[in-house]
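Since the structure comes first, as structure tokens, the remarks are kept for the end.
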Amino acid sequence: MNPDIAVLGAGSWGTALAILLARNGHRVRLWGHEPAAMQAMASAGENPDYLPGIAFPPGLEAVADLEAALAAEDLLIVVPSHAFREVLQQIRDRARTLGRILWGTKGLEMASGKLLHQVAAEVLGEQVACAVVSGPTFAREVARGLPTAATVAAPDPAVAGHFAALLRGETFRAYTSDDSIGLELGGAIKNVLAIAAGISDGLGFGANSRAALITRGLVEMMRLGEALGGQRETFMGLSGIGDLVLTCTDDQSRNRRLGLALGAGRSRAEAEAEIRQVVEGADTAREIHNIGRAHAVEMPICEQVYKVLYEGHSPQAAVHDLLAREPKPETLG
Ligand SMILES: NC(=O)C1=CN([C@@H]2O[C@H](COP(=O)(O)OP(=O)(O)OC[C@H]3O[C@@H](n4cnc5c(N)ncnc54)[C@H](OP(=O)(O)O)[C@@H]3O)[C@@H](O)[C@H]2O)C=CC1
Ligand SMILES: O=C(CO)COP(=O)(O)O
């Protein structure tokens, strides 16, 4: 029997969403690009690499055959942003017969800095109905069935409503929005700010510094978000401040952990080798630096993260530069 939903990307977030959907009673195929890993998942009845100890519910099948997965009516793409275009290209020939597509990827296209809906429109054309899901959603907590809320955005309210209904269940509340730009930018920028919060804590600073970074970081998110067409209100919601607080304050965040390591004097390479999962904010910091400059948007915290990652700036010098900025009135614009 054909599945209802295919999830492309079998890391922690793809697996957690597949588990959530199967628990909601849907037939789900989870596809990953490594046949041996998918075989191991099918035999173990869990994802031993990314979510060990959480059993797949009935209705969830792990597959390595992309064609078999694409027989589904709805598609979820949950690969890292660096693989987003490549995966879309793999399914492009089926674009005309594909139903709706939702993605859970948080980031911008590397090098081009494009938002993911722009990449989707380029590869698949405008006719495919697309949506994005974002919010404060650690994969492991969702997979464990801990109460979680997120937002699904699409230009077409029927598409957002459709995916929100698929995701909604006893432990998952899904809101809807028409602000795909705001959701995509909030999810990308919060990763850079989580690195900043991690650096601050890694340097041994306290709760005051973290709260200041979150608050002024939100202002940076709103500045760039509005400049690129996002709605101000979106950044005050789950996909904005919600995800920002989550990832700046909890060590489950890989971006925060990268920052912690940098603040403690370790290199990016050492930290990423230890985390062994995607840390989207490291690439995103460069794209945000370029986009912020191009739009003349002031983003001092994101700028310092960029300098630490790409210009050899020390975390201590970054803090000094932030504190030495010209005094000014506190504005939220
Ligand atoms: N984890 C979380 O809590 C959340 C993550 N997200 C976002 O979801 C996205 C995915 O992150 P997450 O699942 O956590 O990352 P993980 O590092 O846990 O897993 C990434 C997965 O993508 C696979 N992959 C890499 N390249 C390709 C490719 N070219 N084609 C197909 N699959 C590929 C990896 O395979 P392999 O193992 O072979 O490398 C791995 O299975 C990110 O944008 C992240 O920001 C959003 C919300 C929550
Ligand atoms: O986006 C996330 C939770 O909402 C996951 O954050 P990290 O990628 O920092 O782990």
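Just so you know, the numbers here start at 1 and follow the chain as drawn.
Note that Cβ sites are derived from N, Cα and C of the backbone, with glycine treated the same way.
Please treat TrEMBL annotations as automatic predictions, because they have not gone through curation.
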Residue in A129, A139 which TrEMBL records at the NAD(+) site where G9, A10, G11, S12, W13, G14, R254 also bind:
A139
For the NADPH site that TrEMBL describes with S12, W13, H33, Y50, A139, R254, V278, E280, which of these is also annotated: K106, K114, K307?
K106
Cβ neighbours within 10 Å, counted over all protein chains: which one of the binding-site residues H33, K190, R254 has the most?
K190
Residue counts (helix, strand, coil, in that order) that DSSP gives for the domain 'Glycerol-3-phosphate dehydrogenase NAD-dependent C-terminal' (179-319):
109 helix, 0 strand, 32 coil
Out of the binding-site residues I have (G135, K190, D243, S253, R254, N255), which ones have their Cβ sitting under 6 Å from ligand 1?
none
Under 6 Å from ligand 2 by Cβ, which binding-site residues from G14, T137, A139, R254, N255?
T137, R254, N255
If I take the Cα of R254 (NAD(+) binding site) as reference, which of the binding-site residues H33, K106, G135, K190, E280 has the closest Cα?
E280
